[in-house]
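Have a look at the structure below before the remarks.
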Amino acid sequence: MGKGFYISKTVGVVGIVLGAGAVATIIALSVVYSQEKSKNGDVIATTTTISPPGTTGTTTTTSPPGTTGTTTATTSTGSTAAPTTVPSNEPWDKYRLPDTLLPDSYELTLWPRLEPDSRNIYIFTGSSSVVFRCVKDTDLILIHSNKLNLTADPSLTALGSTPAPTIKDYWMQVTTQYLVIQLNGTLKAGESYSLFTEFEGELADDLGGFYRSEYTESGVRKVLATTQMQPTDARKAFPCFDEPAMKAEFNITILHDPSTVALSNGKQIESVEVEVTGITLRKTTFERTRIMSTYLLAFIVSEFDVVETMEGDVQIRIFARKEAIAANQGEYALNITGPILKFFESYYNATYPLPKSDQVALPDFNAGAMENWGLITYRESALLYDPSVSSNGNKERIATIIAHELAHMWFGNLVTIRWWNDLWLNEGFASYVEYLGADHAEPEWNIKDMIILGDVHRVFAIDALASSHPLSSNEEDIMRPEQISEVFDAISYSKGASVLRMLSDFLTEPVFAQGLSSYLNTFEFSNTVYTDLWDHLQLAVDATHTSIPRNVSEIMDRWVLQMGFPVVTVNTATGQLTQEHFLLDPESVVERPSPFNYSWFVPIQWIKNGAEQNIYWLLEKQDLNDAMRTTGDEWVVLNLNVSGYYRVNYDEANWNRLLTTLQTSPESIPVLNRVQLIDDAFNLARANRILTTLALRTTLYLSAETEYMPWKSALDNLDYYYLMFDRSEVYGYLQAYIGQQVEPLFKHFQEITDNWTKIPDGHTDQYNQVNAIRMACSTGLENCTELVKGWFSEWMNNPSVNPIEPNLRSTVYCSAIAAGGAKEWDFAWNMFLSSTIAIEADKLRAALACSTTPWLLNRYLEYTLTSNIRKQDATSTIIYIANNVVGQPLAWDFVRANWAYIFREYGGGSFSFSNLINGVTKRFSTEFELKQLEQFRDDNNDIGFGSGTLAIQQSIERTRANIKWLSQNRNDVMEWLKGAIKA
Ligand SMILES: *[C@@H]1O[C@H](CO)[C@@H](O)[C@H](O)[C@H]1NC(C)=O
Ligand SMILES: *[C@@H]1O[C@H](CO)[C@@H](O)[C@H](O)[C@H]1NC(C)=O
Ligand SMILES: [Zn+2]
């Protein structure tokens with residue numbers, strides 16, 4: 001009985017974290033169900049004929065071993081907590097597979113049912129035989145399996161001459177997600193075996209594993225089956241050795257309705273009609289995959305249509321709903337996928353290893369996209385483009401996401417991290433090179449610069465907290481599925497991208513690419529740890545005699561093994577430089593020790609009076625560099641183009657010279673450094689390193705700035721001022737000042753667009769036009785409000801023709817709904833419900849949160865948990881509402897009141913809890929709110945926060961910092977604003 005499903009309270013939490021169905025599974029498992037018992041050792045029958053899954057009749061009713069155990073163990077729930085408090089050392093209580101067995105290949109057949117069964121649930125059935133090698137003698141087989149019911153006893157076959165031992169006992173170990181098989185004898189090292197299982201699972205709408213997605217087409221409800229395996233849900237589709245290093249080859253067969261198309265990683269090699277228990281089905285078989293990890297598997301059964309092309313020998317296909325394909329929404333993706341793939345082939349100097357690359361747009365999808373090898377899945381809004389409704393921002397997102405996923409085809413799929421603790425390398429890398437790939441597809445956009453706003457500055461905000469964490473984690477600390485989910489955070493993606501960009505920059509791109517190519521070619525089809533990449537970059541450094549002051553791993557250890565980043569301070573009077581760990585809250589206590597005592601090797605590219613200087617390395621906490629001394633009105637700017645992952649502070653005199661230069665000749669400072677000056681100044685002020693008024697002074701020159709990025713940076717930073725002040729009297733002054741600064745920009749765009757009749761040429765100009773309208777309207781510039789209200793009512797009068805230019809829709813909808821009442825809101829809601837285009841629906845969904853009428857917002861919150869809002873969108877909708885000053889307290893109350901429900905219903909396969917928690921609490925700035933937050937944490941300890949656990953801590957820390965900031969700065973800000981407002 002020691003091997004039951006122990007569901008004590010703490011373990012129960014783990015189960016719930018894993019998904020909405022956990023509770024159902026626990027209940028389910030307590031029921032003894034009928035089975036067909038197959039004979040152990042019946043070699044040929046089980047391994048060569050794949051009986052159609054799910055067709056196994058219930059011939060005998062025997063309870064398999066473990067089933068009875070289940071019942072008993074479940075009954076004891078809550079009464080005996082012993083099994084979890086006493087750490088057990090049974091191999092099946094460990095979250096990592098033992099080192100005894102290695103898979104070689106799988107034969108997998110799956111049959112998803114797109115109609116509910118007699119119990120009114122959607123299911124899939126399947127069978128799998130896995131061939132594995134034994135590398136150490138063992139009498140135990142542990143194979144991952146989660147939420148699957150076995151429909152027959154598993155059977156084991158020896159592939160060598162010695163017969164396989166018989167199966168003594170088997171059961172599902174729920175907490176660690178194993179199918180445990182105890183054997184009567186020993187598996188011998190060096191021998192291969194085959195394990196056959198038949199199973200059934202629910203095709204739930206939980207966005208994880210093998211799941212279903214729904215949509216309506218011409219009024220008809222359609223159901224499709226699709227997958228999301230990463231990180232640990234392949235085991236929810238079939239029993240498998242579900243760890244990234246357990247690579248194998250997969251032979252996949254899908255049974256499906258003849259009216260549907262089945263897709264998988266490999267090319268289809270055969271699709272024939274078959275009769276299964278009197279039902280006519282199509283049996284589609286796919287080419288054996290290359291050696292790959294389970295988390296990259298995918299299968300999809302749908303009625304989708306396709307557009308396709310060839311790029312050299314590689315077939316490129318875009319799949320989507322029939323209506324979307326008919327409306328040519330796959331065209332843009334089709335045009336850029338091939339060229340981006342080619343770009344990466346040459347960048348990596350490695351050919352694409354597969355014959356095809358499919359991109360599939362899914363109506364329900366949790367992440368932005370998923371890099372399944374050969375069968376990439378996307379949210380619709382991340383793949384489908386329609387010039388009549390999509391903005392240029394939508395287009396940019398599509399280009400960068402496609403590039404990100406294609407980058408993984410080599411970096412991640414061909415060469416895979418050994419364990420999830422190195423996820424940052426995988427995601428950071430793809431998040432960096434996505435800009436290179438997108439730049440290749442759209443060279444006019446200047447998109448490489450966008451990494452500053454999109455990643456570097458964004459993650460600085462998180463990495464400057466004492467609760468941050470290093471990029472690299474220990475393997476032992478990332479064990480449980482929810483710990484694995486938690487590493488998919490901004491640090492992994494954006495800090496990873498930022499430090500790899502810095503590395504590529506100081507090595508130079510050719511050297512970086514050379515090392516990369518050697519790494520990929522050396523480790524193809526196998527697994528690595530991050531230091532393997534350093535080794536190969538070092539080889540490239542040595543071969544090219546590139547000069548760096550330490551070797552690659554010594555430099556990078558500083559950025560990878562310690563959290564945070566430095567602020568480099570230069571005193572231009574003396575040439576003295578210092579570096580310190582930058583903390584947004586200078587009084588926060590850093591408990592995490594660093595092996596390098598928070599000191600970095602900092603590459604400093606810099607300019608003096610606009611002229612680029614030789615790179616300088618700051619290798620100690622303090623140093624002197626005579627070249628950085630200035631005389632007269634000479635100024636210096638460090639961290640040219642923000643290629644390094646650090647902030648810069650100056651002596652007051654240099655700051656003043658920089659502010660003067662911004663006002664007199666802003667273009668003598670490169671645009672990325674104008675962005676940097678604004679962002680660094682605001683954050684240095686937050687950290688009490690410079691005066692808040694100095695930061696505000698960096699915005700004075702904006703009345704003459706027309707470039708997008710500095711404006712965006714300023715607005716992002718002022719966003720904090722809005723959050724802190726929009727419930728106080730300072731708000732009026734803030735609005736007056738911003739309105740005054742933005743008015744020239746509004747006029748500029750009015751002019752260059754011929755009174756809003758043309759679209760600006762430049763990609764970023766189009767973005768800045770949106771900023772101009774958004775800020776002009778929100779600060780109450782009359783021309784602006786009239787303009788957007790006019791457009792919106794024109795649309796309301798004739799809903800079939802939307803007169804609003806796609807780039808401007810988000811901001812126009814938001815401004816018009818904010819200025820309007822129930823009539824505008826209901827109109828937009830109806831347009832949202834009837835919208836068949838995801839990007840349009842997304843804009844409306846965001847804009848509906850802009851209302852200033854509390855009851856409308858409360859009703860909207862209620863809607864978020866109904867079927868009108870897709871599960872994937874629920875948390876972001878709540879965050880939108882919380883962003884609105886009127887919606888903030890409503891959203892917080894709502895989340896608190898519904899936490900248990902939200903957690904249960906939205907926990908499965910979800911990475912968005914940390915966003916939700918951070919999103920609804922980011923305005924918190926009073927002692928009262930801090931208490932509420934702590935109370936919330938304590939009240940829900942038993943339910944848990946899943947992937948949002950860290951976010952709770954971050955939110956508490958942030959609230960404390962806000963309280964302090966307000967008390968220190970409120971009056972200064974108000975006085976400064978008063979002085980800056982022209983009468
Ligand atoms: C396993 O071995 C035990 C005795 O060692 C025997 O009683 C049992 O029947 C065997 N189980 C199977 C399934 O062969
Ligand atoms: C698994 O078995 C349980 C118990 O019989 C049942 O309630 C559940 O619906 C089954 N799951 C599927 C997908 O059939
Ligand atoms: Zn990725």
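The count begins at 1 with the first shown residue.
Positions of Cβ are set from backbone N, Cα and C atoms, glycine also.
Since the structure is predicted, the reported quantities are computational estimates derived from the model, not experimental observations.
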Field: TrEMBL annotation, Zn(2+) site containing His404, His408 - matching residue among Glu380, Glu427
entry: Glu427
Query: Can you tell which of the recorded positions (Glu405, Glu427) has the fewest other C-beta atoms within 10 angstroms of its C-beta?
result: Glu427
Task: Any same-chain residues 6+ apart from Tyr493 (site 'Transition state stabilizer') with CB under 8 Å of its CB? Would you list them in sequence order, or say none?
output: Trp424, Glu427, Gly428, Ser431, Asp455, Val459
Task: Identify which of the following recorded positions, namely Glu405, Glu427, Tyr493, place a Cβ less than 6 Å away from any atom of ligand 3, and list them by sequence position.
output: Glu427
- request: Mind giving me a neighbour count for His408 (Zn(2+) binding site)? Other Cβ atoms within 10 Å of its Cβ, every protein chain shown.
  value: 25
Query: Hey, what's the Cβ neighbour count for His404 (Zn(2+) binding site) at 10 Å?
result: 27
Field: Chain-mates of His404, His408, Glu427 with C-beta within 8 Å of site centroid, Zn(2+)
entry: Glu371, Glu405, Ala407, Phe411, Gly412, Asn426, Phe429, Ala430, Ser431, Glu434
